[in-house]
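Peer 1: Here's the feature list from TrEMBL:
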type	residues	note
ACT_SITE	Asp100	active site
ACT_SITE	Asp296	active site
COMPBIAS	443-453	compositional bias 'Polar residues'
DOMAIN	82-420	domain 'Peptidase A1'
REGION	432-454	region 'Disordered'
SIGNAL	1-25	signal peptide
Amino acid sequence: MTRAGKLPFLFFIIILLTNYGVVVSCLRISNESSMDEGNNHTTMFLLPLFPPKETLSRRHLQKSPSSARMPLHDDLLLNGYYTTRLWIGTPPQRFALIVDTGSTVTYVPCSTCEQCGNHQDPKFQPEMSSTYQPVKCNIDCSCDNEREQCIYERQYAEMSSSSGKLGEDIVSFGNQSELAPQRAVFGCENLETGDLYSQHADGIMGLGRGDLSIVDQLVEKHVISDSFSLCYGGMDFGGGAMVLGGIKPPPEMVFTHSDPVRSPYYNIELKGIHVAGKALNLNPQIFDGKHGSVLDSGTTYAYLPEDAFVAFKSAVMKELHSLREIEGPDPNYKDICFSGAGSDISQLSKSFPPVDMVFSNEKKLSLTPENYLFRHSKVHGAYCFGIFQNGKDPTTLLGGIVVRNTLVTYDRENERIGFWKTNCSELWDRLNVSPSPPPPPSGTDSTKSTANMTPALAPSVPPEYYATGEIKIGLVSFYMSLSIDYSELKPRVPELAHFIAQELDVNVSQVHLMNFSTKGNDSLIRWAIFPAGSADYMPNATAMEIISRLDGNSLHLPDTFGSYKLVKWDIEPSPKRTRWQQNYLVVVVALLVVLILGLSASLGCLIWRRRQTLPYDPVGSVETMTDEKELQPLN
């Protein structure tokens with residue numbers, strides 16, 4: 001059914017509803033193995049070896065009019081991290097950055113880098129940005145040997161490092177953000193080593209506390225409130241959402257105090273853990289060692305102090321009655337794994353017990369099995385503990401696995417962190433928030449940044465749509481060829497649509513499968529991206545951004561979908577509607593009024609006629625035995 005064809009039906013539903021009243025020590029990247037979930041530990045620690053020296057301050061704002069809503073990409077256990085997309089410069093240059101609450105500096109590889117790895121996007125070219133400026137040496141920064149420019153250096157526990165110069169340029173947050181592009185300081189990498197060199201992501205987006213943090217810079221400009229939120233997807237879907245700035249917390253959100261003086265990292269006041277409703281026999285102080293209980297978005301798994309881990313493992317295993325303990329997927333690790341739970345994630349709670357994290361205010365965050373398990377990559381229906389012992393380190397480190405499908409709000413202004421269990425792939429719908437109209441990508445004419453973009457195949461748009469210089473784009477369609485049989489692909493089409501939406505920075509409701517064909521073991525699918533909501537057209541800047549990604553074959557899909565190729569894209573106008581379609585609502589209402597009046601008149605006439613004729617039916621006829629006839633007088 002076409003979009004236009006659905007409208008009368010939706011109107012009918014609205015009439016019915018109206019009538020019935022329906023209303024996320026302190027290590028950094030410890031990338032200890034490959035990128036396969038459960039196959040090896042892709043443990044990511046994005047906490048610096050040494051805490052940053054940037055000053056901690058609490059900003060009080062006069063106003064906070066906007067927020068930057070940004071989708072998250074990749075998968076926590078497949079990639080070891082989540083990334084978001086950031087655009088830097090004029091015209092904008094795109095980068096995939098790991099969202100990291102344990103780091104402060106945001107940095108990307110620079111075109112002058114002599115030792116940078118092969119990452120997802122091209123290196124940043126300062127010389128190509130008309131708005132780039134180097135940060136000159138001053139008393140507030142470390143300077144290069146020539147004392148001309150500010151530099152940064154970051155070293156991490158597993159011997160990876162990043163260093164480069166500081167620059168300032170316009171940063172844009174994507175087409176779902178209502179926050180306009182802003183000038184910000186970032187690192188332009190000239191050297192990277194270790195896991196930073198080998199990772200697929202381009203760099204780091206620092207969300208920690210400190211003057212160089214992207215959050216602190218936006219707060220200092222008074223363009224967002226002193227808050228941000230992260231929402232990580234679950235086992236079935238990767239990705240998620242991020243908000244720079246404040247949001248209205250849901251009524252069910254559970255808050256705990258976060259003391260910025262207690263630790264340079266985001267900490268929570270964890271006092272206990274319950275398994276299957278029973279408290280672990282632990283001294284609450286066990287969760288307050290060293291840096292306390294640290295919540296870090298860049299760490300993959302969770303790590304407990306020794307005594308806490310032993311108690312947790314024992315309590316969970318006592319509740320596993322129908323499962324069999326098996327060896328882990330990687331012989332290099334002694335993972336604790338179990339088989340027999342089945343592959344349906346929604347049914348895991350029948351095999352594994354619930355877990356509650358108890359805060360100092362007696363509030364609880366309830367965890368489902370996906371918050372402490374990961375899939376066994378070699379045994380179907382088997383799962384392994386995603387919570388480990390933190391060696392002899394007394395710090396409690398809570399990584400992304402603990403907050404799968406949980407909206408985590410870092411309310412820095414009020415020194416608290418909130419948790420709300422939700423489906424992160426449907427966050428905006430569950431918060432009843434509509435996507436925002438996109439601002440220009442870099443503060444300049446957005447059409448200029450794509451003027452040199454020449455697609456491999458020209459779009460099939462009639463010439464008249466170019467005449468005014470403003471193309472009215474009703475949809476963007478494209479063909480995708482995948483090296484996977486459609487019978488295998490068909491049940492995963494919703495999942496594929498979800499990933500496409502993330503890569504194109506649109507809502508999943510805008511992604512429609514139009515048709516498909518098969519050739520051997522390959523599938524050819526035609527997709528269409530429609531405007532958001534009920535709009536007839538999408539902004540040109542949004543369409544051009546979608547096209548630039550399609551034209552560059554820059555979509556990043558999981559390997560489980562095989563190899564893919566984008567064959568062709570087109571832009572099309574919104575289907576022209578007839579005068580009746582344009583005014584169908586008025587017509588439908590008028591017809592309903594006429595129909596109701598007509599039915600009322602006919603019913604009244606029928607009643608009047610029956611009253612005139614019914615008394616004269618012969619007594620003894622079959623009809624006189626009904627209740628209605630018995631209530632009528634007999635003459």
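Including glycine, each Cβ sits where the backbone N, Cα and C put it.
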Peer 1: Across the domain 'Peptidase A1' (82-420), what is the average pLDDT of the model, as a whole number?
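Peer 2: Mean pLDDT, the domain 'Peptidase A1' (82-420): 94.
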Peer 1: In whole Å, note down how far the CA of Asp100 (active site) lies from the CA of Asp296 (active site).
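Peer 2: Checking the Cα atoms of Asp296 (active site) and Asp100 (active site) gives a distance of 7 Å.
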Peer 1: Note down the number of other Cβ atoms within 10 Å of the Cβ of Asp296 (active site), including every protein chain shown.
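Peer 2: So the Cβ neighbour count for Asp296 (active site) comes to 27.
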Peer 1: CB neighbours of Asp100 (active site) within 10 A?
Peer 2: 28
